[in-house]
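The following features are taken from Swiss-Prot:
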ACT_SITE  Ser143  active site, proton donor
ACT_SITE  Ser144  active site, proton donor
ACT_SITE  Tyr158  active site, proton acceptor
ACT_SITE  Lys162  active site, lowers pKa of active site Tyr
BINDING   Asp69, Asn96, Lys125, Tyr158, Lys162, Val191  NADP(+) binding site
Amino acid sequence: MVLTTGLKGAHVLITGGTRGMGEAMVHKFLQEEANVSYCARTVTNTEYDDFYSTLAEGNTARAVGTAFDVASKDSLVKWVESSAERLGRIDVIIANASPMHMEGETEHWESSFAIDVMGFVELVKAATPYLEKSPQASIIVQSSFMGREFYRSPPAAYGPCKAAQLQHVQELSHFLGPKGIRVNAISPGPVLCKGGPWELYSKINPEWVEEQRLKIPLKRLGGPTEVANVAVFLASPLASFVSGTNMLVDGGIHVGTQF
């Protein structure tokens, strides 16, 4: 018996889809024969041309990108509407874009709130009328284990804004569940991505990164594909009774019991 995700032909929207975990998600959904509409601040629409050649024979799934700032509500709504028109429907949305501000200046708080919180809120609002018509509607937000617990870092915008996402997932799962829309969060732990913060930390303070690695029960950093695999699961009919969940993908570094 071959386990299939049931995502062939699904139509997926992903914010922040050109690098890191967002890029890995686009790859995985294309491999599952889902069509993807993605956005980022900078898009060339050739990001995935080389990747198409790696897809299985007969897989015609494609990804189309749009460049805009997720903090712009008007641009976000326009993107959702144009994606729905081009794809024909929307089955899955993934709020992945994040400025990842680990600093605590006012501008960092404002940027984090605009993208991590309001970007998620407005994406859901814009996409819900389309998701209501889908037989497999799924909303996923990329949060963080730092939204769940304190990670011994100075006061900063990132953790509190990620915590707000988790609370909103709970609200949405109850409100949208009767409409057949599942809502879940993914909370990665330390994940090494090209151009990401952990790659930067590895260059400027490798001793500290090694200390953090040893605190992880699996004794290694995660990879972006490992997070993308969870996104595919949560988006698929395999997770048809999973909603209101915060899926930790952190190698076991979290502390305490998740109720």
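Residue numbering: from 1, along the chain as shown.
The backbone N, Cα and C atoms fix where each Cβ goes, glycine too.
Here the structure is a predicted model, which means the values were calculated and not measured.
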Ser143, Ser144, Tyr158, Lys162 filtered to the active-site residues whose C-alpha is within 10 Å of Asn96 (NADP(+) binding site): Ser143
C-beta crowding around Ser144 (active site, proton donor), within 10 angstroms: 25
Neighbours of Ser144 (active site, proton donor) among the recorded positions Asp69, Lys125, Tyr158, Lys162 (Cα to Cα, within 10 Å): Tyr158, Lys162
Secondary structure at Val191 (NADP(+) binding site), reduced by DSSP to three states: strand
Rounded Cα-Cα span from the residue listed as 'active site, proton acceptor' to Lys125 (NADP(+) binding site), Å: 23
Extent of the NADP(+) binding site in Å [max Cα distance among Asp69, Asn96, Lys125, Tyr158, Lys162, Val191]: 29
